[in-house]
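Trainee: I have a structure I would like to understand better, so I am pasting it below and will then ask my questions one at a time.
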Amino acid sequence: MLKGHLHSVESLGTVDGPGLRYILFTQGCLLRCLYCHNPDTWKISEPSREVTVDEMVNEILPYKPYFDASGGGVTVSGGEPLLQMPFLEKLFAELKENGVHTCLDTSAGCANDTKAFQRHFEELQKHTDLILLDIKHIDNDKHIRLTGKPNTHILNFARKLSDMKQPVWIRHVLVPGYSDDKDDLIKLGEFINSLDNVEKFEILPYHQLGVHKWKTLGIAYELEDVEAPDDEAVKAAYRYVNFKGKIPVEL
């Protein structure tokens, strides 16, 4: 029986997509981001829970009144959810049959041009209302330094989503000294503005809320001395990216 490997769930999240959302955090990720706040999700073979589609749908549907009242739904995050597309295809299809908005939060670290990946993703996309795409860095060498992997396939995936006219929000973690260079942010903005499907751009300020997990796992945390960016740095980053010529009104 097809099962999903989960790390955890959050019943009423408010930051990973519109409205109130039930969030599934999947187990497994190919990236090794220096600032990852969930390093315990990296190994796909070590889930805290295995679930069937029916089990998950039965847990989610009691929250539908909250989704309907707030314009919310279900977001699958990670880890990297695209590592478990056969499970997500079935889950999202069932959720859509029940009138639930579906959202995928991905870094696309496992995206590739194989027929198998393309076939599964095209099926999943049929049942996906929104994708939150995390672009860690626009510069390939700096992306490797930050995540351990190149970004060429990730940018190609972003272009494919644009060709598919899939609604997307793009997010970028602002890490002082690593992903806050003015020229890089300008290039990031030029790339994002070249896509036709991006509805929203968000900067996520770096934080150290997950450092204790690195210590628990016995992994050295390289960014121990990096402080969170201040409000002015965040505002400057929005200006450099210049998404559709505007910055969020709350700034």
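Keep in mind that glycine also has a Cβ here, set from the backbone N, Cα and C atoms.
Since this is a predicted model, take the numbers as computed values, not measurements.
Sharing the features that Swiss-Prot gives for it:
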type	residues	note
BINDING	Cys29, Cys33, Cys36	[4Fe-4S] cluster binding site
BINDING	Tyr35, Cys36, His37, Gly79, Asp134, Ile135, Lys136, His207	S-adenosyl-L-methionine binding site
DOMAIN	15-244	domain 'Radical SAM core'
Trainee: Other than its own, how many Cβ atoms are within 10 Å of the Cβ belonging to Cys36 ([4Fe-4S] cluster binding site)?
Mentor: 20
Trainee: Please name the residue among the binding-site residues Cys29, Cys33, Ile135 whose C-beta has the most neighbouring C-beta atoms within 10 angstroms.
Mentor: Cys29
Trainee: How big is the Cα-to-Cα gap, in Å, between Cys36 ([4Fe-4S] cluster binding site) and His207 (S-adenosyl-L-methionine binding site)?
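Mentor: Pair distance, Cα basis, whole Å: 10 Å.
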Trainee: Looking only at C-alpha atoms, tell me how far His37 (S-adenosyl-L-methionine binding site) is from Cys29 ([4Fe-4S] cluster binding site), rounded to the nearest Å.
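Mentor: Spelling it out, the Cα of His37 (S-adenosyl-L-methionine binding site) and the Cα of Cys29 ([4Fe-4S] cluster binding site) are 13 Å apart.
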Trainee: Where's the emptiest Cβ shell within 10 Å among the binding-site residues Asp134, His207?
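Mentor: Relative to the other binding-site residues in Asp134, His207, His207 has the fewest Cβ atoms within 10 Å.
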Trainee: Would you mind listing, in sequence order, the residues at least six apart from Lys136 (S-adenosyl-L-methionine binding site) in the same chain with a Cβ closer than 8 Å to its Cβ?
Mentor: Leu31, Cys33, Ser107, His143, Leu146, Thr147, Asn151, Ile154, His172, Val173, Ser179
Trainee: How big is the Cα-to-Cα gap, in Å, between Tyr35 (S-adenosyl-L-methionine binding site) and Cys29 ([4Fe-4S] cluster binding site)?
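Mentor: Distance (Cα to Cα, whole Å): 14 Å.
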Trainee: Just checking: which of Asp134, Ile135, His207 have a Cα that is within 10 Å of the Cα of Cys29 ([4Fe-4S] cluster binding site), counting only these binding-site residues?
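Mentor: If one measures from the Cα of Cys29 ([4Fe-4S] cluster binding site), no binding-site residues come within 10 Å, so the answer is none.
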Trainee: Which residues in the same chain, at least 6 apart in sequence, have a Cβ under 8 Å from the Cβ of Gly79 (S-adenosyl-L-methionine binding site)?
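Mentor: Expected: His7, Phe25, Thr26, Gln27, Gly28, Cys29, Asn38, Thr41, Trp42, Ile44.
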